[in-house]
Each structure stands twice: as C-alpha cells, then as structure tokens.
Protein chains: 2
Amino acid sequence: MSADPTLRREIPDATVARLPEYLRTLTMLAEAGVASVSSEELAASVGVRSAQLRKDLSHLGSYGVRGVGYEVETLALEITRALGLTQDWPVAIVGMGNLGHALASYSGFVTKGFHIVALFDDDPALIGEQVGDVTIRPSWDIEGCARELGIAIGVIATPAPAAQTVCDALVKSGVHAILNFAPSVLTVPAGVEVRRVDLSTELQILAFHAQRRVGLPSPAVVQR
Amino acid sequence: MSADPTLRREIPDATVARLPEYLRTLTMLAEAGVASVSSEELAASVGVRSAQLRKDLSHLGSYGVRGVGYEVETLALEITRALGLTQDWPVAIVGMGNLGHALASYSGFVTKGFHIVALFDDDPALIGEQVGDVTIRPSWDIEGCARELGIAIGVIATPAPAAQTVCDALVKSGVHAILNFAPSVLTVPAGVEVRRVDLSTELQILAFHAQRRVGLPSPAVVQR
C-alpha cells in the first residue's frame, strides 16, 4: 500500500530522513546478491535499534517475516516508491562557484532519479560556461527558465546575502523543494520544503568525539 | 557537571547530533539580545518535541527553570563546552578539486573553533597553490605533516577510489576524527570516528516532500 498518497502523507519526518539510509544499505546488499536481511542487520547498518526500524517500515506497510527478515529487492522497491524515486526529478543549481561546480559533478546527484537540467549564476564570467552538458544561465532568468524546464528541486549554493532572492525566484517559478547550502535561514510560503545543509554541524559532532577520545584504551582494529 | 569527561562519554549519539542545532539557535538568540528561551521555543526551532529537548539537555546536567526556561548564554556555553568547542581544532582537507576548494573557503569551517591548517592533493598542477593562507601540499606528505601539525580532524574530499588510502594515512598520523565526502565506506580502527556526508540523501528526502505535495491545497504564506 506504499503507493497510496494518503498513507504516504502520514509518514513522520524522522522516518522519511532514515529511508534513504535504509535504501543505501539495501542497494549494496542487492548488488552483492543478498536476498534477505534481518531487521537487526539492517538497523545496525544505519545505527538505529531494530524496534525503530520495524516501526519505520510499518509506515510503508512492510512488516518482514519472523525468522527470515525482509526481502532485499522488494523492500528496496517499496522504499524507492515511497520516496518518489521511481520518477525523474529535474534539479537546478543556483550559484556556480566552487560549491556549485562540485555539486554539478557530484555523482550522487546524477544517479538515483535526479537530473541536473539547469545551472544559474549572476557572474558574467561564468554565464555561458558549459558544465557537463548544461550551460550556465544568468540568475535573472530563473523565473522564466525554471517553470519552462519543470524544475522540481532547487539547490542554492550562493553566498548568504543572495540566498533569499534566489529562493523567492525559485518559489515564484513553481519550485516547492529547496536544498540550501547558504548559511542563512530562508522564508518560504507554506507548502515549500526547505532542507539546509550545514557542514559545520558535522565538524561539531566530530569535535565531540575527538575530545571524548582522551583517556580511552588504545584502539583495536575493527571494520565499519 | 558538563565538563566532566566521564559524564560526557554517556551522551547518546542522537543527542550529540542535535546539540549543534540547539547551539545554532542559542547563538542567534544571544546575538539578538534574548536572555532566556522556553524548552518549547528551542525545541520548535530544531523540529523536536520539548520532552526530547529536555531529555537531551539533562545529559549535560541542564534542567531549566519552570516558567522561565533556559538562560540563553549559560546554555550556549554548556553546549559549547560539552561539544569540545572551547578549544581550537586543527583541520586538514585532502582532495582539492571543486569540493575541496569550496570547503576550504566555507565560512562555517573557519568560525566555531575550527582552523584549516593543511590542504593536500596528489595533482602536481594543484600542489603549491595558495588557498587563503594555506599552501596545497602533496598527498604523499600526509603522514609526515599531519602529525607535525597536530591535525585533529581530517576532511576527505577525494574521488571514491582514493578515499581509503587517504584515510589510512590520516589514521596513521594520529587523526581520530574523519569527515568523509567521498561516496565510499571506510574501514578504520576502533576509536576512530568517521562521519559521512551523503548529499544525495538530502535530495531523496526532498523528493519525498515534492511528490507528497500533489493534491495539497494552495499555499498560504508563512515564516519559517
């Protein structure tokens, strides 16, 4: 029943955030020819308790079989469908500095149903440059182009002061999903989803673990 | 009691991951001159329930005052101390393509106690290039340099095939905290903390929200 949009709307945000992690493990298992996986194994690969995993997957209507676990390919398909990855999502990147260029060539973006169809910058030195098979367009053309190209997801990689203006132009063009790398909070209408990537958060979490190490016993080699 | 390392080791990983989010809100509030914040307000800013927030902060020994909430500056200092951000963390970036360059100039890295002290690449065309006030060194010098410079955190921004070799060199040099942007799983000794940033996860979560929008009523303007 995971294709029922009414049901899908009920999946909690925290569960949605874990689904790509489960899918990553399942994809690796499928590529390795593994047919089934226990809830304990799948949960461990993502770092959650198996009770949490079972609860998450119950939102998709997937319950597994006691003593057998989950069928890898079936579950991967169910998650793919629940996330909406069975269709193609046209993506635009705005801000083609180093980060924009890095994102445009990031292999994770071009697989898994995402297709970069437009790049924008307001620097005349960058406009017209070819990146892969996409030409950088002027930022002031966002409103016209984004609607025409059917952009579903906008990625903002501009400096902070430009981010709100760019966001407004994307929203006016009908973009309802925005990934914000600029270190600024965006104001959007209801119904527009913004996710912010703050790389310094990751460093802060690492700093916690680095300081915690003081006084630990000397390390033994493990896989992870 | 948050400065007690024994206590600190008991903080659950999920709580540690939320502390930088609380700290970001608290920093903004402090800059705006706000003296205290309720657990409901602080929880809402991060998107967790207030019961969760109170439980998270109880791990730091912070309990707030009924009807008043938390003192902004005191709590910010407690989280800063718990995360280990009261000291300076020397950071090295390996892989100076577009992503490495973007990270080297990312403003979030140079504030908040992180200091980029070394950059590495194995491309002769990049070695010797000056980025800010740091010169790109050859990757084969990681083992010598990283220990000498006291690198605490290594950021891997290389292509996937090079990531494990780079990781091994960093670990041999005494680096125990690694932020991995390469789309590959790393094998490390026990005691080494690896965090992986997978940007396609964010896009997958946005795809879920984009498809979910179909059939929603037309948006009303809100702040968030």
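Glycine is treated like the rest: Cβ placed from N, Cα and C.
Listed in TrEMBL for this protein:
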type     : residues                                              : note
DNA_BIND : B:21-60                                               : DNA-binding region
DOMAIN   : B:84-185                                              : domain 'CoA-binding'
BINDING  : B:GLY95, B:MET96, B:GLY97, B:ASN98, B:LEU99, B:GLY100 : NAD(+) binding site
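Annotated features, which come from TrEMBL, shown on the structure.
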residue: B:GLY95; record: NAD(+) binding site; CB count, 10 Å: 26
residue: B:MET96; record: NAD(+) binding site; CB count, 10 Å: 24
residue: B:GLY97; record: NAD(+) binding site; CB count, 10 Å: 17
residue: B:ASN98; record: NAD(+) binding site; CB count, 10 Å: 19
residue: B:LEU99; record: NAD(+) binding site; CB count, 10 Å: 25
residue: B:GLY100; record: NAD(+) binding site; CB count, 10 Å: 25
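Distant neighbours of the DNA-binding region (B:21-60): 1-2, 7, 10-12, 15, 68-73, 75-76, 78-80, 82-83; these residues of the same chain sit at least 6 beyond its ends, with a Cβ under 8 Å from one of its Cβ atoms. Taking the DNA-binding region (B:21-60) as a whole, pLDDT averages 89 in the prediction. Proximity to chain A, defined as a C-beta distance under 8 Å, is registered for the following binding-site residues out of B:MET96, B:ASN98, B:LEU99: B:ASN98, B:LEU99. The domain 'CoA-binding' (B:84-185): residue composition by secondary structure is 35 helix, 29 strand, 38 coil, according to DSSP.
Here the DNA-binding region (B:21-60) has, by DSSP, the following mix of helix, strand and coil residues: 28 helix, 2 strand, 10 coil.
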